[in-house]
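Participant: Once you've had a glance at the structure underneath, I'll fire off some questions.
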Amino acid sequence: MLSLMFLLLIVPRVLLSSTHVAVISPQDPVLRIGSSLTATCTLSPELGLQASSLYWTLNGMSVCSSSYSLLSPDTLSVTLHNLNGSQQQSGDNLVCHRADGHVLAGSCLYVGRPPEKPVNLTCWSRNTKDLSCRWSPGGQGETHVRTKYTLKYKLRWYGREKECEMYGTGKQRYSCYIPRNLALFTPYEIWVEAANQLGSATSDITTLDILDVVTTDPPANVQVSRVGVLEDQLTVRWASPPELKDVLFQAKYQIRYRLEDSSEWKVVDDVGNQTSCRLAGLRPGTVYFVQVRCNPVGIYGSRKPGIWSDWSHPAAASTPISERLQSGSCDPKPGEQNSTLRRELKQFFGWVRKHASGCSGMSIKLYDQWRVWLQKTQKTRNQILQDDNS
């Protein structure tokens, strides 16, 4: 269907105008939104037609005859008021037809607005050697006519102006990629110029140092596993970002996790630069989804943090089911919870006196050993109770 429209509208314009059958004037005008246009269709005398028999269409829809004016036996005009933005960047099709519907001539109307200065210019580097930037059109955004965006950059205090050459397409059309030949330890000035046939505009200048905008891909190989039989804990492990393996830097990480049936994430901020972390205080017998992200800091000694990566793909694991859940017992009342807590603390400190010497023995590992001992004790107690009841 699009090919047919192209043949009907584009080819006749070329062939017919070359044989002087009919001509529309003006040809392919560029107009501002809200403006008016008067166009004329002039017939060749040898065609033997009267202009009064002609009619106009705009994008395939007939234009009301009250907007026509017969200027001469071979010239018919049409006046369009308060034009809207073009429905497509290839223009709106204004066509002059013979009474039987045959296409005599056509013209494309480009109706839009001049660009406003681009905004939200943001840049980042994945390996200190490249730079990616994106921005948004200013003002009302869409100009409805072809608008060229050019990203330019230069060293702040010296150097010549350069243009980015690798622009995105489709949804990424407001972006550009500079793959190489960037300097470190020297700030750049970066800006975007927008221009079309109705005007031009330039964004504010962004000043940045490559080392201050380094980011990475999300951490890879994220794994979540149980901590033995501990019912309220999971261990998360991941791999450092490979992009910066040859760069002097430290990374800090964030973890977020949520219940399987929840959309609310809980964020763990104080992970530091280690590549593993233990989540505690979890619900027994529950599936958790976990994600990790990275922020490279201290790139070549820079004091500023980099940019957080995207979150990794979620990994999942379940905590062990507690003995209490397996036995089908109800949750204890608040008073019973306090009594249980006091009893467990008394047991813990009594157990520590037997197994630890001094404060040096007080560690997470020692606590975990006690939890395992306690759960085994509870399991034995529950088994005895079940045997007595039977």
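Each Cβ is built from the backbone N, Cα and C atoms, and glycine gets one as well.
Unlike curated records, TrEMBL annotations are generated automatically.
Sharing the record's features from TrEMBL:
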DOMAIN    12-96  domain 'Ig-like'
DOMAIN    117-213  domain 'Fibronectin type-III'
DOMAIN    218-322  domain 'Fibronectin type-III'
SIGNAL    1-16  signal peptide
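Situate these features within the shown structure.
Facilitator: In the domain 'Fibronectin type-III' (218-322), helix, strand and coil residues by DSSP number 6 helix, 46 strand, 53 coil.
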Participant: With DSSP, how much of the domain 'Fibronectin type-III' (117-213) is helix, how much strand and how much coil, in residues?
Facilitator: 6 helix, 45 strand, 46 coil
